[in-house]
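Have a look at the structure below before the remarks.
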Amino acid sequence: MAASAGPEIERLIALLSKLPGLGPRSGRRAALALLKKRDTLLAPLTAALVDAQAKVRTCSVCGSLDTSDPCAICSDAARDNRLLCVVEEVGSLWAMERGGSFKGRYHVLGGLLSALDGVGPEALRVGELLGRAKGGEVSEVILALPATVDGQTTAHYLADRLAPTGVSVTMLARGVPVGGDLDWLDDGTIAQALRARRPA
């Protein structure tokens, strides 16, 4: 890891390096920045992490993260129960919410089908999705999944599984670029893609 760094610093670098988008070099830079600013950055970050670990939970309805269960979105009576938007991860849900265009409910799958990575339907929240679709309130399931091979494979699988429920199954229009991830898109692109969705 870091030459002449103590085990505590090496452990910090190793843990930071495991975060998405950070490798060993970025982890080292982040660790140094945190240690240089202990009072203004490291201490508040430590408190925020402890707070998040103690209070944040997974919503038993949609799979989002919140401090309450059900989450604020699932508890919002103003939401349209007829529309159910399926996303890969919580980050995609947050991206949809930033756009402000969608007023329905969400379902977080917790990943995508991937033969290469050995991820099958049993590893995702597919059963819960089918249960919600069969519940009687949902009339349309919107598949807001990445325009990647795994995303499209998952979308087609879900469309096949949802067909017997009788709900309309749509996908976001191709305002979402191929290979794109919702979390990286601007609000206007997400809003346009949502308006131009089509049958799956």
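Note: Cβ is positioned from N, Cα and C throughout, glycine not excepted.
Looking at 27-42, 59-74, 155-170, 171-186, the stretch flagged in Swiss-Prot as zinc finger turns out to be 59-74.
Remote same-chain partners of the zinc finger (59-74), defined as residues 6 or more beyond its termini with a Cβ less than 8 Å from a stretch Cβ, comprise 90, 93, 97, 105-110, 125, 128.
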